[in-house]
């Protein structure tokens, strides 16, 4: 086992503070509309330029082990806030640094760290309650665009695109962000349910120009096993042909004799048919087949449920106004399922999302939800260089996440003003002793820090003067760092999602409290391994004359 080095109390906390400050100072220059860019060296490829706090935080790795532990703890604040709310990472970092700095002063003066932590926790609880009180819900396209603009580092084009996408697919709809082939950034909306499986044979194509199979007023057969024998498929195929309507077959796979027979009948014109593999794998495939069945008013033919393919009747088939397939995707538009069943299924999936503990499962459930409730919007992000495209794509993803947060929990006034207004909530915090009271005062001081930093990044105005001016104001009145004017910030479009502000404070206080109550740090002792000796001139013995 490697030998360990242990550092205690004041020495440990001082070193942790150096690490916290190094990371926080690199991150906080990006805060606000006047925030600066940070250039990050990449071992392979061009350097990355970013104004995204969490991207900067993730790149910081310090040489000293204990300093690095301090930096990594604050990095966790930024990452957690980004994961939960999509924005507010820089605010969270600034708050964590301020809480730790003020807390350390009091620990050095003899305050008990555990009571400081209890005071901080009580203060945060009251501030969060006050934030919820001053929060207002958003619904309009204009308000959504404002949130998107702020979260995309004041890029109105991105804000408008996100508002447009939410307008098209609804607030529960799936919005994906992809890299465009050209320089233009555009929104594309896929209506209906789309899944990533294309036709099994190009012979099913009905439009040879676009290489698509288009089925109007289609019947849909949904089967959860492989079909290789024509005998089991024939009865339902004959019933479908008698109706004169095109038939889409969705199954785990269709191969051999069954696929060949379908292709031959399609080419002869005796049968309008197309076959496609079922989407997903395992339990997710079963769930998606059930979704398709509910959307189209059909039944999944499954032996687990007691249904056999050879006994299937036309009543088992789903229906849709249009189905279009290319080699990669299948889109079902206007399924004929009942609204009651679709709504019940949507509520069931929402319940699963609430209980889900995995980000991956949550994402897949949200995709299923969107496909049932309104479609998918794709934001194709264009830029003139790869560096710009990556930076812009990261901003769009953050803005999208933050906009969803705003729809969930509402908005508060931006520009650091909401935290100033929420200081009022600290009057309700009841400490049990003086050290807890000090913990509450630490939060009071820390809540001013984001506004101070936003002003500092403008480089033209004194933060203390602005702070007093804003404190003397009321409601939405604050300092607009973009125009450097005092005005009603909500009317000026300077707003933050409540979830972002709340998460930033909760995560910052949590990590800063852990750091304050840390009494020892344990790290590996670095081994001094001697450098490899240089090779003697002339190479190894017996290699004379080699070049």
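Every residue gets a Cβ built from N, Cα and C, even glycine.
According to DSSP, residue 90 (ATP binding site) sits within a helical segment. Packing around residue 90 (ATP binding site) is summarised by its Cβ count: 28 other Cβ atoms lie within 10 angstroms of its Cβ, all protein chains included. The feature ATP binding site is assigned by Swiss-Prot to 30, 31, 32, 33, 51, 87, 88, 89, 90, 91, 415, 496.
Feature annotation from Swiss-Prot assigns compositional bias 'Gly residues' to 538-547.
Swiss-Prot lists 527-547 with the feature region 'Disordered'.
Most Cβ neighbours within 10 Å, among the binding-site residues 32, 88, 415: 88 holds that distinction in the structure as shown. Residue 30 (ATP binding site) counts 23 other C-beta atoms within 10 Å of its own C-beta, drawing on all protein chains shown.
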